[in-house]
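S.K.: Below is a structure I'd like to ask you about.
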């Protein structure tokens, strides 16, 4: 059983701030600065080129991948790390498409736009009659049929927190001969995921949200063991080669998911992630989920009691959503800015979504109650009417 | 005029080591640990999500890109940063291929293997009859004709240091309607490059070698102004979108080279690069080149006088090579290990190349003389015969 009071003490949380945005950028673990300094000074500074072996830089994408793998139910040795989530989506989608002659990529309008952009770009490049079919989230199941090559979904909707039933959709896809690419951006570290149990084909995700890897932390990719020896990496770079340092002229893919590595791994970002995973290594994902649900239910009850103007945008059933809660309000952007100014940090997603993330590692029931009190005051007193909250920042 | 004695004092160089491997991984600037700590603690830790604006994270890929642009003769606003070199090769090559109906990608056997691997993978994915034609470096000019879509070359050979004449080859390519993709991995920070003056179409490079950005530092990409409004990024991710935070369902490319951005930028790695570029911002590239040539000529003269068993693998004409010098020896791997054990760090490239990089920012004539003395002793006394130098490390 994870002691979440103890994990809270492992994070740097600015004074006077209740940070309900760990679903966008997780906060800094207290141990991270020293780990990063070690990578910079003791590894890069003193070992120089020998750090690739001595400090384990070269092995780290697979080693860190396995630690993430535990959180998402992957078989050991089948997750690797690197690049950004969009790049990994490209590789997973390209690999899946190389396994089938079908031409339809099925996704939904709740997917993160970048996944759809990547698919569009890939279709234009690959040709062969590929087509992106985007349906409403609730209509996905009805569109899984023999015309579909790949089902590409983000499990948890970045706006509403709506949670797809990965087990059911993957089973349905498999029965129809459809390959699956799951984006776990808002799942990894948010709730238990069972990739192996579901029989997912590919999965990708990022580590700067719930996993606290820091801004620009690398992405991860999972390839099911049954595809590991045949998956085409598409972006076939030297570090995915079977023998990168033989400098052969022709490409030979590395063993299993290691072929999904592309270029030089981001050593300093990996050091930061190493520090945060030291916390995650000890987290019981079922306990995390139970606590997350308790927090989000408490938050919904509190906000609904105090703020009649806010409309719940997330599923009311906690088992049908991830670890975030969203409310709609016509002045959502300005209202969120006012909340932030008063110490409750969530974020805004167009057109009218106020989004709050629940991250049991450092958010507790006291934080939820304090956040509700601030939000109630902001909404009740229309603090968001103040002119300073009305201009739109470049990054929301 | 750059004072290279002064720049040497800005680097952390381990005691007793002469580091002639800055062409593989540049050493740590003394100012970098504090800059990285600032990014981790003051930016990520205290600003959290607001760091994207407040700390300038979002703008950094273009800002750092311009500082690199000065070193490679790019027009301001036409270089951006992110991902790895292999990923950027993929984008540049895909963008170039989207501009032509021709099908041949012309490269040479001196190109870094990853560039060739990436091309192979792209060909398999894109289809349309694309073909990779790899010729000997000295035969490139003879193969530039109307069948060639893209000329994709690494300017400086990673093994021998042989330098392609970028101006002449680009002019010849242009006359034949051939687009150019230049890999500047061993050029950026090694010698003056004049992308704009040459009329290059695309260029890519990395920042962890001569530019001292640290292990895993991001890559850069240049798109000529005449292509900036039309180039297809292929990997079209949300941060290359014209309005990433509007979360539109369809992709609209950003202005110019910004569309080559893909996913979340590596903030911590960028902070390290920011610190090293503060040194590079003041470097006169012509002075650097003059000093580099003086050092490498001194090294060749010294080694050839003292080590009759070593055969020069680099061009003898300094204007025909980059900023490294390579020698061949049948026992090159073990010999290099022995040099390293005696304090002179270069590296080995199969099958028999001992490679030494000359980086005037922190290597001076005294270092060259000291290195020659060590190499002479290693070779003269066959120190590399010792058993401990005979086993092959995983990473060479």
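Glycine residues also receive a Cβ, built from the backbone N, Cα and C atoms like all the rest.
TrEMBL does not curate its annotations; it predicts them automatically.
Below are the features I grabbed from TrEMBL:
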- B:85, B:86, B:112, B:113, B:114, B:115, B:154, B:183, B:186, B:208, B:238, B:264: pyridoxal 5'-phosphate binding site (BINDING)
- B:209: N6-(pyridoxal phosphate)lysine (MOD_RES)
S.K.: Quick check for the class: what is the C-alpha distance, in angstrom and rounded, between residue B:238 (pyridoxal 5'-phosphate binding site) and residue B:209 (N6-(pyridoxal phosphate)lysine)?
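M.R.: For residue B:238 (pyridoxal 5'-phosphate binding site) versus residue B:209 (N6-(pyridoxal phosphate)lysine), the Cα atoms are 29 Å apart.
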S.K.: Measure the Cβ-based neighbour count of residue B:209 (N6-(pyridoxal phosphate)lysine), defined as the other Cβ atoms within 10 Å of its Cβ.
M.R.: 27
S.K.: What whole-number Å value do you get for the CA-CA distance of residue B:85 (pyridoxal 5'-phosphate binding site) and residue B:209 (N6-(pyridoxal phosphate)lysine)?
M.R.: 12
S.K.: Among the recorded positions B:114, B:154, B:209, which ones place their CB within a distance below 8 Å of a chain A CB?
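M.R.: Out of B:114, B:154, B:209, B:114 lie under 8 Å of chain A.
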S.K.: Measuring Cα to Cα, tell me the gap between residue B:186 (pyridoxal 5'-phosphate binding site) and residue B:209 (N6-(pyridoxal phosphate)lysine) in whole angstrom.
M.R.: 8
S.K.: Show which residues of the chain containing residue B:154 (pyridoxal 5'-phosphate binding site), separated from it by at least 6 in sequence, have their CB under 8 Å from its CB.
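M.R.: In sequence order, B:110, B:111, B:112, B:115, B:164, B:182, B:183, B:184, B:185, B:186 meet the Cβ cut-off.
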S.K.: Among the binding-site residues listed here, B:112, B:238, which has the most company in the form of other Cβ atoms within 10 Å of its Cβ?
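M.R.: The largest 10 Å Cβ neighbour count belongs to B:238.
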S.K.: Sort out for me which one of B:85, B:114, B:186 has the most neighbouring CB atoms within 10 A, since those are the binding-site residues we care about.
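M.R.: When each Cβ's neighbours within 10 Å are tallied, B:85 leads.
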S.K.: Express in Å, rounded to the nearest integer, the largest CA to CA distance found among the pyridoxal 5'-phosphate-binding residues B:85, B:86, B:112, B:113, B:114, B:115, B:154, B:183, B:186, B:208, B:238, B:264 named in the record.
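M.R.: The widest Cα-Cα gap among those binding residues is 30 Å.
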S.K.: Where residue B:114 (pyridoxal 5'-phosphate binding site) and residue B:209 (N6-(pyridoxal phosphate)lysine) are concerned, what is their Cα separation in Å, rounded?
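M.R.: About 16 Å separate the Cα atoms of these two residues.
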S.K.: State the three-class DSSP label for residue B:154 (pyridoxal 5'-phosphate binding site), counting H, G and I as helix, E and B as strand, and everything else as coil.
M.R.: strand
